[in-house]
Amino acid sequence: MSNYSNAKEKFDVIVVGGGHAGCEAAIATAKLGLSTALFTLNLDRIAWQPCNPAVGGPAKSQLVHEVDALGGVIGRLADSTALQKRILNASRGPAVWALRAQTDKRQYSIEMLQMLQETPNLSLREAMVTDLEIKSSPNRKKIKEQSEEKTIGQVQGIKTYFGSIYLAKAVILTTGTFLKGKIWIGNQSMDAGRAGEQAATGLTEALQKLGFETSRLKTGTPPRVDRRTIDLGSLEEQKSDAADRFFSFDPERWKSGQQMSCYMTRTTQKTHQLIKNNLHLTPIYGGFINSKGPRYCPSIEDKIVRFSDKESHQIFLEPEGRNTPEIYIQGLSTGLPEGMQLQLLRTLPGLKNCVMLRPAYAVEYDYLPATQLLASLETKKIEGLFSAGQLNGTTGYEEAAAQGLVAGLNAARYVNNQDAIIFPREESYIGTMIDDLIKKDLREPYRVLTSRSEYRLILRGDNADRRLTPLGYKVGLVNDYQWNIFQIKQSNMEKEKKRLEQQRIKDSDPIALKIEKESGASIKGSITLANLLRRPGMHMNNLIRHKLANNSLPLDVREGVEIDIKYSGYLKRQNLQIEQIKKQNKRALPSEVNYTNIKTLSQEAREKLNATQPKTFGEASQLPGVSKADLSALLIWLKIQNRKSHAAKIRNNEAKIKLHSNLGVDF
């Protein structure tokens, strides 16, 4: 090992990349008292939003609430820079309610940079990291995590393009789309991590030399148009409907600026025909690139090819900031040549005279398949090396921020020689996402979805603090101020729920007749306010209107109380399921099992189980390649083995009794 006498500086943790994952990771480690350096290619593009300047949406908003509950910052910045807020899926149940904020991308970046600069223990450096410094012999074993791969080394630091070495006890890679990034417009390409910014070189080769598998993914972004050249009056306006809703649980941050409208237009037959006639000129259909793009954010070419029966597709026009005329054309990501993109835009109603400020482009980049990571987001091969964000194959600022926080927390615990914190999938969307990433061989950008969780009624945004803030406080990410806010809210909720469960109204009360008309059901004798609230169509607002509920309670308290009461039966059943899973996770597995003989297991599961010989069912469930079907088969096998063992004991006892009886021995 080199003595590193020429090292420029030494830190506890180095974070490589200044996007949403990197910022959360760096703030987390610094907050936990570790000297931290964040390296990025461009300090003027910290936490940049190169695609849609928006935060939240289905499942994504739940992630943002969870990050905030753990002391992260994405929710606070989304609230303070929001241009417009809307509640999605409002007509459906609370499990899928989603807050979405259109944000001011420049202001977001400015505020994040300021936050980083004001964070104690955190230093910022502008440089391209091209290599990793590795000690060949690992220092210690992985803590409380199962891995069939042996570590081959321990991270010591990083090396920059111009040869400077910086030492660190842990390194977190959050490189986004920059590793060997290449942007495409039509059949033309250039090396870039995103438009106007250079690609990162060297680090992919460094990872490959260490034995890591890397592959390629792609994403894309639509054109930007000058607002002043759009006929907004002819378009459908979408106003904010949730200015009083927030991602953060801190009431001191519940402030909204003046809201801006978005607008909606649609593709036309001219749009579709132009695309069909020129598919061969796009990077994908022209065969210039073959990397997988995000399934849930397809290009307009993909939409028209895959949904050829649809006559039109919605296109949303969204502002990029208060002080810029740039409009983001959501739904029109395209790989068409630049000269053809303006023609495409002008086929849309309201945009026939528009001016295009920035063309759409696709970006292709290297990523690290996350099956090479532990649930702590530490790599299996190299101790102290963590990976988070788009580098792990995800797409979205929210997914990146959540991973960054987890990687930062566990990097700090690694440095302090503490056990890693693992987020079970049944307790958070963070856990669901990481569980999916490390266990599934994903070959397309991963987006979090409510449908990916079996426990979505419990994993709501409104109760993210209840689920995660105690953990955040315990590990040091949540400060005393945030903890006090949490305790006050929970106390208010419990008091109000208790009151509603106890207070009754009688059928003879004057208010009863009005309530019967509202709820469509009669009151016989008397009813508690809680049972009244459980009736379809009855809400806290109904109780407030009749002065039966406390209107002075904050909105989040009132909504949380209503959800807890209204869905108490469902919540109880789902909590019971989770407890059963936890109980099963502690169940011991026999030692030295030949899993090859269990034919109901998949071939991959047999190989992984044989290689690791997990001690508990919970350890088996954490292994990549062991599916839910395999786990069910393993449980059935365990039950059969227990029955056989029990039957064998009975036969053995009967044989002993018979033997002693023949010998004339009394018991």
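The backbone N, Cα and C atoms fix where each Cβ goes, glycine too.
Feature list (source: Swiss-Prot):
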type    : residues                                 : note
BINDING : GLY17, GLY18, GLY19, HIS20, ALA21, GLY22 : FAD binding site
BINDING : 293-307                                  : NAD(+) binding site
Checklist outcome for this item: Sparsest Cβ environment (other Cβ within 10 Å) among binding-site residues CYS297, VAL305 belongs to VAL305
Checklist entry - When the Cα-Cα distance from GLY22 (FAD binding site) is computed for each of the binding-site residues CYS297, SER299, LYS303, PHE307, which gives the smallest value? => result CYS297
Item to check | Cα-to-Cα gap, CYS297 (NAD(+) binding site) vs HIS20 (FAD binding site), nearest whole Å | outcome: 19
Next on the checklist: Cβ within 8 angstroms of the Cβ centroid of GLY17, GLY18, GLY19, HIS20, ALA21, GLY22: which residues besides those meet this for the FAD site?
Outcome noted: VAL15, CYS23, GLU24, ALA25, THR40, ALA47, THR174, GLY176, GLY389, ALA400, GLY404
Checklist outcome for this item: Most isolated by CB count within 10 A, of the binding-site residues HIS20, ARG295, LYS303, is ARG295
Checklist entry - Are there any residues in the same chain, six or more apart in sequence, whose C-beta is under 8 angstroms from the C-beta of GLU301 (NAD(+) binding site), and if so which? => result ILE275, LEU279, THR282, ILE284, TYR285, THR334, GLY335, LEU336
Next on the checklist: Among all protein chains shown, how many Cβ atoms are found within 10 Å of the Cβ of GLY19 (FAD binding site), not counting that one?
Outcome noted: 30
Next on the checklist: Within a 10 Å radius of its Cβ, which of these binding-site residues (GLY17, GLY18, GLY22, GLY293) has the fewest neighbouring Cβ atoms?
Outcome noted: GLY293
Item to check | Among GLY293, SER299, LYS303, VAL305, PHE307, which are recorded as binding-site residues, the nearest neighbour of GLY18 (FAD binding site) by Cα | outcome: GLY293
Next on the checklist: To the nearest Å, how far is the Cα of ALA21 (FAD binding site) from the Cα of GLY293 (NAD(+) binding site)?
Outcome noted: 20
